[in-house]
Structure formats: structure tokens, C-alpha cells
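Chemist: My questions all concern the structure below.
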Amino acid sequence: MNNMEWNIDPVLFSFGSLKVHWYGVLFALGIASGFKTMKRIFINEKRSLTELDSLLVTSIIGIVVGARLGHCLFYDPNYYFEHPLKIIAIWEGGLASHGGGLGVLIAALYHAKRHNIGKLWLLDRLAISTAIFAFFVRLANFANSEILGTSTNLPWAIVFQRVDNFPRHPAQLYESVCYLAIFVLLWSIYRKTNISRFDGAILGIFLTFVFSARFMIEFVKVKQTAYTTDLALTLGQLLSVPFLIVGLFLCVWTMVHRKNSL
């Protein structure tokens, strides 16, 4: 069976010594798409766009700092404790989505307090834009031939030639498709139902679906930690469980409140 081969150059184009990478372009597209989504929401709800500009800056800082620290602390702590200056070497790669999630959560809570906005109201709407952002980030991982899947003989397996010659699950694409579907679902819920009136509902759905998908896809991912454990679950699965529990709690909590308001 002839599997698809993937050997794209991580550098999209260059100007002299300046190199523009696929990862950076797709990451920027994710930010832009998330911002456009939030802009439509703010316009729809007659919120100040000046307020949105501040949220964008705060969120980017939260995502990048959180994702970097998450990678350093969760996936290779011994190395970064021995080489602390390497923590800031973000250009060498290494971002963790769970850390990015925590980072944007902290950033959103800070923004909500500073601008006197309802915390769950903001997180609900930010969840929608985060889903489309995550879609582009996983495409960036695919372009970089990173976050690989395990070997498989399935017909849609892909050979990542920059890594080895084994056909593998395109785990990045699995996640990317899931996040795009979740974005479409959340956007439809926001636009076509009254669920968004119940603070925490959209966030609960987002957390439940995103981290259920992440948990399941981890079964076909190569382990990313620099250390081994005797646990049956991967670190990615263990980190997903708290988010999943919070998501389920919010879904039940808002469902109860919704019934009581009828």
C-alpha cells in the first residue's frame, strides 16, 4: 500500500536571513480567526471594540507564556530545571496546549476583573474563538511534522519523512478536524439558540468536547514526555481529566439553572 508521504519544508519562504515558517503563519491565522470571531460577537452584543483590543493582547500573552511554561514543567521538567534560561528560548520549539489553556484562562479572568465583565460570560465567548484557534495550531503541528501519531497500517496513514519512514496516524489532523467541528457546533449554538444566556454553558460544552477528543486521540499519539511512568494513561490524558470534569460540571450546573428558570 502506498501511503501519503509528508516532507514539507517548515520554512514557507525567506528574505535573506529572515525565515517565515509555516508554524508562525498558521499560528497567526489562528489568532486572526479567533479575533475575527470575537469581533463579530462583540459587535453582535454591542460591546466596545476597544475592550476587545485589550483582550487580544492579554490573551496572546497568556497563551504563549502558559503554553511555554506548560511544556517546560509538564513534559521535560528536569531539563529546564537544569537549564532555566532555556525556558525563554521559545524559538527552539516546545508549547503545550494544556498550559496554553491555563494561560488564556488566567488572562481572561484578569481581563474580566479589570474591565468589570462577567467571568463566565467572557469565557463562554472566548471558548468559541479558542476552538478555531486550536484548529490552526494543530495544522501548524502537522506542517512541522510534530506531535506524531503511532505507527499504523490504515489506508490514510501518513509517512512523515522528516522523522522516519513509518506510516503513522495523522494525529494532528484528527485533532484539527475535531476542533473545527467543535467550533462550528459552538458557533451554531451561540447564533441559533438561547443557550448563551446561561453563563458557563458554552464553556462547559467546549471543555467537554475538546478534552474528550484530546483524551481519545492520545491513544494513537506517540508519548511526548522526556520521562517514563508506569501509568496506563499518557500525561496528555491525565492533564485532560481536570478540564473534562470542569466541563461536565458546567454542563450539568447550567442545565439545572436553565430548568429552574423556565
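Yeah, the Cβs are placed from backbone N, Cα and C, and that goes for glycine too.
Automatic, uncurated: that is what TrEMBL annotation is.
Positions annotated as transmembrane segment by TrEMBL: 20-38, 50-69, 89-110, 122-140, 171-189, 201-217, 237-256.
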Chemist: Counting only residues 6+ away from its ends, which parts of the chain sit with a Cβ under 8 Å from the transmembrane segment (50-69)?
Modeler: 31, 34-35, 38-39, 42, 87, 90, 94-97, 99-108, 110-111, 115, 117, 122, 126
Chemist: Looking only at the recorded stretches 20-38, 89-110, 201-217, 237-256, which one has the largest tally of CB-CB distances under 8 Å to the transmembrane segment (122-140)?
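Modeler: Highest pair count goes to 20-38.
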